[in-house]
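S.K.: Here you go, one structure.
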Amino acid sequence: MIPFNALLFIFISGVAAVSQKEKKLQNVIEGDIMLREDKDYWGRKSGPLVDMKKNRWTEGIVPYVLNETVYNAYDVYVINEALQEIEDFTCISFIRRTTEKDYIYVTPDGGCWSYVGRQGGSQVVSLTVPDCINKGTVIHELMHVLGFWHEHNRSDRDDFIEIIWSNVIKDKEINFAKSFPEASNFLKFPYDYQSVMHYDAYAFSVSPRLPTMRPKQPRTRLRDLGRAKTIGTLTETDILEITELYEC
């Protein structure tokens, strides 16, 4: 029989671990963007949060470590497919980390989320099994790693989509907050309904049958929203934005 004191220690340790993770996840905005603890939503605590060029990866090279102790062969295959998709169409290179100071650590850490851009040192990209193990989701999180924000949160998004607030889950409205112009990816590029960085039409909905976003462009269908994420690829605009940011 395990002594009572030992059981109590295990219980308290477990509660502390859960509380720490819950506290960390409170820093997640827009569904999957992790903020540093020294920043608020727009970085007012310690300087601009959004400095896309400052947070680029040097020469477009992203060192990474994959926690293969928790991912099976299929999981690793899907993650590698996503890495390869970005490499095939852009100048970005993902390399296995050796001694590099700045790198991403891919591991399940409570949902699908990433920091935006290079943070310095080790930074987690959370891909929980099985929900996050699909090519489109992995590409989406890697785009955050590269420095990109959500398309549907662009400051000019109201010209292109209607947010149906009555269909949004209570307390999830913050996920549709518009960003400031400097936090939008590249406003000079056309709004990209199909971008891998655009959520689908039913994101954060009270019902799988009720859309939370409706396109204003007549020939654009609900199923077009975030189509690249659904099928696991990059759109032409996604590729152009990477080329623009990394000057390659």
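Glycine residues also receive a Cβ, built from the backbone N, Cα and C atoms like all the rest.
Heads up, TrEMBL stuff is auto-annotated, nobody curated it.
Pasting the feature list from TrEMBL:
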ACT_SITE  E141  active site
BINDING   H140, H144, H150  Zn(2+) binding site
DOMAIN    47-248  domain 'Peptidase M12A'
SIGNAL    1-17  signal peptide
S.K.: Among all protein chains shown, how many Cβ atoms are found within 10 Å of the Cβ of H150 (Zn(2+) binding site), not counting that one?
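M.R.: By my count, 28.
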S.K.: So how many other Cβ atoms are close to H144 (Zn(2+) binding site), meaning within 10 Å of its Cβ?
M.R.: 21
S.K.: Any idea what DSSP makes of H150 (Zn(2+) binding site), helix, strand or coil?
M.R.: coil
S.K.: Same chain, not part of H140, H144, H150: whose C-beta falls within 8 angstroms of the C-beta centre of the Zn(2+) site? Give them in sequence order.
M.R.: E30, D32, I33, S114, E141, M143, F148, W149, V196, M197
S.K.: List the same-chain residues at least 6 positions away in sequence whose Cβ sits under 8 Å from the Cβ of H140 (Zn(2+) binding site), in sequence order, or say none.
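M.R.: H140 (Zn(2+) binding site) has long-range Cβ partners D32, C112, V196, M197, K229.
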S.K.: So what's the mean pLDDT when you look at the domain 'Peptidase M12A' (47-248)?
M.R.: 94
S.K.: Take the Cβ of the residue listed as 'active site' and count every other Cβ within 10 Å, whichever protein chain it belongs to.
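M.R.: The answer is 23.
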S.K.: Round to the nearest Å and give the CA-to-CA distance linking H150 (Zn(2+) binding site) with the residue listed as 'active site'.
M.R.: 11
S.K.: Secondary structure at H144 (Zn(2+) binding site) (DSSP, helix/strand/coil)?
M.R.: helix
